[in-house]
Amino acid sequence: MAKELNPTENIEKLSDIQRYVTQERGTEAPFTGKLLHNKRDGVYQCLCCHQPLFISESKFDSGCGWPSFYQPIDADSIRYIDDYSHNMHRIEIRCGNCDAHLGHVFPDGPQPTGERYCINSASLNFVDDQNGEQTAG
């Protein structure tokens, strides 16, 4: 279970899918996330605590149905956990600040890292560089 949300937010404000993804380690259905096709320049934050996680320059279209990035904004912004669910080994990624579930990282991304951070839109908050507008996933 992820840590409590920051004082300006509370768990009751999360939608059912946001709560399922971030607090219960769930996964949204592919190709349904609000931020999948977002092309604006800006920063992707943790929905729960607003920790900066990814910048738009590292986002790419992997075709997998979830927003994909080739690297986090900072090494400390992400926490990595071995995940043996579904009879396979994967690397789960969580917010390094509040422990909210974000998605998984796979070794099949583009250069320069070769990694694909496959992230649930429902775990993200996007802040537009142009106008500061925020869009919750």
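Cβ atoms are placed via backbone N, Cα and C, with glycine included.
Annotated in Swiss-Prot:
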- C118: active site, nucleophile (ACT_SITE)
- C46, C49, C95, C98: Zn(2+) binding site (BINDING)
- 7-129: domain 'MsrB' (DOMAIN)
| message | If I take the alpha carbons of C95 (Zn(2+) binding site) and C118 (active site, nucleophile), what is the distance between them in whole Å? | response | 13
| request: Sort the residues of the domain 'MsrB' (7-129) into helix, strand and coil with DSSP and give the three counts. | output: 24 helix, 40 strand, 59 coil
| said: Nearest by CA distance to C118 (active site, nucleophile): which of the binding-site residues is it, out of C46, C49, C98? | reply: C46
| said: What's the number of neighbouring CB atoms sitting within 10 A of the CB on C118 (active site, nucleophile)? | reply: 23
| note | Residues near C46 (Zn(2+) binding site) by Cβ (under 8 Å) yet at least 6 apart in sequence within the same chain, in sequence order, are L53, C95, N97, C98, A100, L102, S123, L124, N125
| request: Counting Cβ neighbours within 10 Å across all chains shown, tell me which of the binding-site residues C49, C95, C98 comes out on top. | output: C95
